[in-house]
């Protein structure tokens, strides 16, 4: 019995010994971000900083600064010029400095601190007199706010210090920018978060407009930063002795070709900012009086263009160089004419920059609202661009540009909103930089910010850098190869549990979508995959991470539709479903055709009614013109008729007096002139009274003729009499008077009056 109890105690659970410590829980592991998955096969860290992808902490409405700094860092020639001027700091010195500025996070400690803060908050809410605690919604792990918070808790934090003395320069905005770039380049971590506190302190100290926490303009900051860098570099160069100053501009192109090693060339010239960003505009003005053309050059660091609805960058540039008429108050002072003259003005580009910063003027001042208003015009921007509005003597007028960065403004107006940057890196495609969060995106994601609906994200500043046609062709070939590889991977492999594809550089796919396993290839053998299949959809966590207001991907719905990946559990499409689908398509097409025909019929009826109304209007105008002509003729006849005729007619109209034909009156007048030898007036018989009681004068008729018989003359006789009268001009004047003989009426006609 004792042995049995001992065996039970031996087989039972071991009792903890006195003083033994309980087993510790394993520390929580931070979640793996999409960026970390993309960088798993990067290899060794480079010394030029091209493989570093750091976010930037937002210190309250500093997103305008973060987005512009990210775009400038990933401009390879600009980054190399900043790091290598005036000299490049040795990597060893930078690594020693980073030992104190680069701090790695303790994820477990951060979680414990957060849990302790939550408990303290709950305890404070339970105190008597405290306001009732509002029920909190669970955190959305796909939101950008949650991702930014997790990045601040898990990723290394990089502080920047003032190292201007090591550069041999006084502290300025350029030296603080150099501190940022060198810290990232020398970091042994590919990912992390920069704290640009020192840079912001210098910016606010030197420029009062950035001292407030108000929303700032990213384009204004870009222009100010480039001008400040130029001013700081030239000011330091002026302090150096003459032999150590900048080289001639002819050597500046070679001096900016920098390598990534610590002993690389340095941009000895101070014009490296001009060589990269500066272009030259030529204003051509032609006087319309003397036709003399005058030219005036001006430089620019960024090009601002006006926008039009449903247009493109090319059309905006065409409008920028369109001819402008200078007239009225804007007349041009012509030196050749010596005064103000009307002229035509046109802007052309004389020298193209290596990096073209294109500012889309989305904020326009309106007189009605008396303030700036954001324009949500749809403006399409291409991946590759050629500028056509160049002068005839321009250097390299066929220069080809490629889009490498887009600064996006999210918000309904210029006084609030959020800025993010979408940047094309050297080896890892396009990345979204949203303050602390950095995520890979697809190439088509860049096309979601044309800006055609209010309240959504719009491209604000476009960065184009020079490239060659060979590089573009090589890139397209590489994209086709990657696309074919991704299609093969979809056919032969499966996705990970989190939905991220194995092939690097591709966007996330929906985790709900699955692909066929290798064991069932026959199910989809009848599907023919095109080699130019579109890329996959972004991951849902990627699409949801850009919610408003700090999220540009609210326009993710505008992404072109992509055929979904077939589900492994779905059955093949049956013939019945195919027939019903085709019937629906045919019914839809028939419905659209009938609607179009109905609309055309309505338009035809509207056009016909418009033609009828126009015809009626023209008829009314013709009738009114005839009536006005008759009235004016009657008035003219009354003015030119003899006084005795006016007295005897007692107000008869011209129509009553003019009832006789002109040929009849000519014939009768000829007979009167022949019968009268003394050119004296023949007594006129009184005409019977007219309808209104007035009497008309009547000429004396030859023997054997009556007024009625005279009216029976044929047309031929009348024409002969007219011809004889016209051939005998001596009878045109009567007697010794210089006036034309007046003709009297013998016949009353009331038909026209009636």
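Including glycine, each Cβ sits where the backbone N, Cα and C put it.
Feature annotation from Swiss-Prot assigns active site, nucleophile to 63.
Of all the Cβ atoms in the protein chains shown, 24 others lie within 10 Å of the Cβ of residue 418 (active site, proton acceptor). What Swiss-Prot lists as active site, proton acceptor is 418.
Averaged over the coiled coil (580-629), the predicted model has a pLDDT of 85. Under the heading coiled coil, Swiss-Prot lists 580-629, citing sequence analysis as support.
For 236-245 (among others), the entry in Swiss-Prot reads compositional bias 'Basic and acidic residues'.
Residues annotated as compositional bias 'Polar residues' in Swiss-Prot: 253-269 (among others).
Here Swiss-Prot flags 546-559 as compositional bias 'Low complexity'.
Swiss-Prot lists 576-647 (among others) with the feature compositional bias 'Basic and acidic residues'. For the compositional bias 'Basic and acidic residues' (576-647), the number of residues in each DSSP class (helix H, G, I; strand E, B; coil) is 70 helix, 0 strand, 2 coil.
Marked as compositional bias 'Basic residues' by Swiss-Prot: 653-665 (among others).
According to Swiss-Prot, the compositional bias 'Polar residues' annotation covers 692-708 (among others).
The annotation compositional bias 'Basic and acidic residues' is assigned in Swiss-Prot to 717-732 (among others).
Annotated compositional bias 'Basic residues' per Swiss-Prot: 733-754 (among others), in sequence order.
Residues annotated as domain 'USP' in Swiss-Prot: 54-467.
Positions annotated as region 'Disordered' by Swiss-Prot: 1-31 (among others).
Summarising the annotation, Swiss-Prot assigns region 'Disordered' to 118-145 (among others).
The region 'Disordered' annotation in Swiss-Prot covers 236-269 (among others).
According to Swiss-Prot, the region 'Disordered' annotation covers 494-754 (among others).
The Cβ of residue 63 (active site, nucleophile) has 26 other Cβ atoms within 10 Å, all protein chains considered.
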